[in-house]
Amino acid sequence: MPVDELKRQLEIIKRGVAEIVPEEELVEKLKKSLNEGKPLRVKLGLDPTAPDIHLGHTVVLQKLKQFQSLGHEVIIIIGDFTAQIGDPTGKKETRKQLSWEEVLENAKTYQEQIFKILDPAKTKMVFNSEWLAKLTFADVIKLASKYTVARMLEREDFAKRFKEGQPISIHEFFYPLMQGYDSVALKADIELGGTDQKFNLLMGRTLQKEYGQEPQIAIMMPILEGTDGVQKMSKSLGNYIGINETPQEMFGKIMSIPDTLILRYLELLTSVPMETINEMKIQMETGVLNPRDAKVFLAKEIITQYHSREAADEAEREFIKIFREKELPDEIPEYKVPGELIDGGVVLLPKVLFSAGTVKSISEAKRLISQGAVLVNQEKINDINFVLKPSKEPYTVKVGKRRFLKIIFEK
């Protein structure tokens with residue numbers, strides 16, 4: 001077995017990782033894999049409860065991509081069966097169960113996005129209903145006997161809900177058991193997940209031992225901070241970057257992140273060599289590299305992954321045009337004001353912005369106006385009751401730093 005190859009694989013696998021349980025067993029599995037020429041089976045379970053993937057979700061997918069590059073077997077489990085329960089990890093209350101149809105529709109969308117990162121030819125995708133739906137009640141009782149309620153209540157989220165008198169449904173206890181059983185069904189060598197999934201990943205090790213298998217290695221990836229640099233990236237918090245967003249949206253959002261996130265994003269979200277990242281770190285610390293230029297480099301790397309190098313270059317040009325030269329973008333979405341919005345010959349600006357989908361609510365529009373974040377024809381608006389009169393010429397509206405709208409009154 002080439003020692004250099006073992007060292008190379010370990011360096012790649014350990015990049016950006018938060019924790020490996022246990023690391024010494026990983027080394028032994030890799031040695032055996034290299035000696036026998038047999039790839040390791042690397043598993044990631046995904047419950048398609050929310051079909052839109054953002055960069056936070058891609059941290060584990062990037063790690064899977066690295067395993068693919070090393071020649072190992074990558075298996076994605078679409079948890080169509082477990083998604084009907086919903087992962088209770090970190091939840092304060094029982095989650096609403098999805099219908100089978102909702103799960104399958106979400107799974108289809110998930111697959112399209114996953115293959116923007118992973119090589120479809122090297123990815124095995126399976127649904128865990130293939131084995132979980134076939135379990136008899138006797139099988140389920142046998143599975144449940146492998147773990148105790150006391151051990152389940154060691155989980156922080158369950159313990160907190162139990163202590164506060166919040167209900168915990170029995171079926172929620174089955175979620176980690178079923179995820180662990182996935183590892184048994186696949187005879188997984190390695191399972192990936194976020195640090196918040198540690199309990200579930202270790203359940204896989206426990207059950208594999210109970211079923212007479214060699215236990216898997218649990219590799220935990222860190223939870224990615226959102227664009228605010230504080231809270232985890234989340235759609236509900238509005239600090240996310242979706243992989244289906246336009247290059248312009250991606251570029252603007254990445255340029256808005258705190259400088260402290262630049263190197264972390266490069267390590268976790270790109271394939272830029274660590275030597276390059278470490279060199280950039282030194283250059284930023286010594287003032288040789290401006291953090292703004294480092295962000296441009298990061299933005300173009302990420303946009304190239306999900307779009308193209310040409311799209312990344314164009315997004316940079318557009319960003320410079322809007323933010324440095326204070327010009328308008330080449331393409332601005334248009335909105336034709338419907339007649340029913342016009343009242344007394346005028347239309348309220350907050351209503352138009354909401355109706356056009358530029359803001360999520362009329363109250364958000366009013367808040368942005370009162371904060372001076374809305375410009376009409378490059379003039380700042382402060383009146384929340386500002387009205388637009390029908391005009392032959394369109395109104396150009398800028399909301400915040402990155403949202404633009406061309407308002408047109410039909411003749």
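Every residue, even glycine, has its Cβ placed from backbone N, Cα and C.
Among the ranges 48-57, 208-217, 278-287, the stretch that Swiss-Prot annotates as motif ''HIGH' region' is 48-57.
Note on Swiss-Prot: of 37-41, 232-236, 377-381, the range annotated with the feature motif ''KMSKS' region' is 232-236. Beyond its flanks by at least six residues, the motif ''KMSKS' region' (232-236) meets 50, 52, 54-56, 223-226, 242 of its own chain at Cβ-Cβ distances under 8 Å.
All protein chains shown were included, and the count of other CB atoms within 10 Å of the CB of K235 (ATP binding site) stands at 13. Per-residue pLDDT, averaged along the motif ''HIGH' region' (48-57), amounts to 83 for this model. In the three-state DSSP scheme, K235 (ATP binding site) is classed as coil.
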